[in-house]
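In what follows, a structure is listed as structure tokens, so that the remarks can point back to it.
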Amino acid sequence: MSSLAETKARPWLLLSPALGTLSFLLLAPLCFIVVYSFWLRTATGADTGGFHLDNWAEFFSDVFYHDILFYTVRIALMTTVICAVVGYIPAYFIANTRMKNKGLLLMLLMLPFWISYIIRTLSWINILGTSGAVNALLQWAGLTGEPLQLLYNEATVILGLVHYLLPFMILNVYVSLVGIDGNLVSAARTLGATPFGAFLKVTLPLSLPGLAAGSLLCFVLGAGTYITPLILGGPTNAMFANLIFEAIIIQLNWPLGAALSIVLLVVLGTVVTVYGRLMGLNQLSKSFG
Amino acid sequence: MTDIAVRLTDVEKHYGSFQAVTDMTLDIPEGSFVTLLGPSGCGKTTTLRMIAGLESISAGEIAIKGRRVNEIPIHKRNLGVVFQNYALFPHMTVADNVAFGLKYRKVGKADAREKVRRALQIVRLPHLEDRMPSQLSGGQQQRIALARAIVVEPDVLLLDEPLSALDANLREEMRLELKRIQRELGIATVFVTHDQGEALAMSDKVVVMSNGRMEQVGTPEDVYNRPASHFVADFLGNSNFLAGRVETVEQGLVTVVLTQGDLRLTIASGGRFKPGELVQVVVRAERISLGREPEPLAGPLNTVPGVITTVDYQGLNARYFVEAGGHRLQVINPIDRNPFRDGDRVMLHLRAEDAVILDETGRVHH
């Protein structure tokens, strides 16, 4: 009998380090946030515990939050579409190049990750700012007398997000392209397809899982960011994560911040789940792996 | 010239300084089954890929049905290619896979469906139209790949080691199938393989290749029984190579004294050999027959005593290693009621016409 109990316990024993780590780092903090979202911030600045629905009532009743949530989804979607279109080309090139240093190309792709995301975002100020490279060039060429205001609008937010997320898209598409058997394109060609025809009929459909995985990653990361709109956006370009940042860091209203965090988590979690159902979860995990 | 499906004239392929294919000149007649046979790296697949247009041609000319195709892109060559790993489109059903090439050939929808149905019937898989390739066995995928290649009625069918991914039993079966289908359709076929059994069993013409060159072109019987070079004799079957010096040449019979040991062999040869010339005698292992005593057979015969040193039992045949006249010879003989054992004293018999003499460089004399 004891041996049976042992065999039953063994998997759990082996899983315990992973389960422990996950519980401690993910599950426990999440529980804290859920509990916090029902607390209340008082006028004195102290938080009172208990079960209050005020934070949730504020979110559901105030259109301001809803608008920003929709705006966030829209920006993330536009960023994702641009990443997909712009990212496919270098991914295709790296996957099909006959260069010996394919590894070097992939490393160049990873290179931006060695620099802080904030620094990378700030670098756009040197490029697009009033005394930045673009304005200096325009003024030197005599195309404009006064420096143009290029920064702090929706376009620069999307530009910053694309800059940040493009490598994720390229890597995911690259992985799916490399996995396609080269003979498939050859077979299509011998059967009469032009190079572009073979791409449309064979390569593109077979790379869709990678494109889908990359898109999901770009959407989730894009929708969850606050740094880019903070640095490159104007007052009207705040995204949902900026509200959380504001509530927690500026207003020190942790309970409201907790409630808003849960909203974002639920929205993005739903997107991931629905997307996974539609695209096939194992396809996605294949591309991630 | 219309009876030549594919003509290669002085075709070469180099990658940088590496010569992958040199001086390929070959006619593939309409309706014939031609095999490019050789070890890996001999240039056989490169040659096939040049015909298909998947590799560019460095020098020379390839013509399909009398039309020079060097500059014609792949998709305008009207070919059927079966790849080693079948290369079925994994995201399409069997029917869509087979119909793929028809879309580019202005075939109407109903007509296309009929052609697909017929192609699947030819490969004897008429009921799988709606399956996905991943749901098929290796042998079935192979047949679908073949159906996809033949449905477009190509000028030439190119097969790149199509059987090598199948297991042994299935391979034998597909060998017969492939040959039957090729016969039925009467389509010129170029088949690439490293398997001599496949090459000998299926081909009208075998092209033995080595290091990017054609070693010999001939019928299966030609290349097997009358190897034109040391390489061919060595690559096909089991051969004994015996170095020696020509002693006398008389009425098509050449007497060779072997360099090693004390053997003297009389071999029938059409080559112009001179006494004193250094030569190689090639003897197929199954051409030597073993007996317990000297028996006078008709015709010029070499008879040598020997001792069996190793018996390699193979069921139908046995492969013996026999010490004779200072040589260790391979002999393959059918196993009769009382097979030979290690240490048995035997007589080796070799007919004069059952051996080939090559010159010093390992080539035939003409």
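A Cβ is built for glycine as well, from the same backbone N, Cα and C atoms used for every other residue.
Marked as domain 'ABC transmembrane type-1' by TrEMBL: A:69-275. What TrEMBL lists as transmembrane segment is A:12-39, A:68-91, A:103-119, A:155-178, A:198-223, A:230-250, A:256-276.
Here the transmembrane segment (A:230-250) lies next to the transmembrane segment (A:155-178) in space: the count of CB pairs under 8 Å, restricted to residues six or more apart, reaches at least 3. Same-chain residues lying 6 or more positions outside the transmembrane segment (A:155-178) and placing a CB less than 8 Å from one of its CB atoms are 75-76, 78-80, 82-84, 86-88, 90-92, 94-96, 106, 109-110, 112-113, 117, 120-121, 124, 128, 203, 206-211, 213-215, 217-218, 221-222, 225, 228-229, 231-233, 237, 239, 287-288. Recorded stretches compared: A:103-119, A:198-223, A:256-276; the one with the most Cβ pairs under 8 Å to the transmembrane segment (A:68-91) is A:198-223. Taking every recorded stretch in A:103-119, A:198-223, A:256-276 and counting its Cβ pairs under 8 Å to the transmembrane segment (A:12-39), the highest total belongs to A:256-276. Note on the transmembrane segment (A:103-119): residues 90, 94, 97, 164, 167, 170-171, 174, 227, 231 of its chain, located 6 or more positions outside it, place their CB under 8 angstroms from a CB of the stretch.
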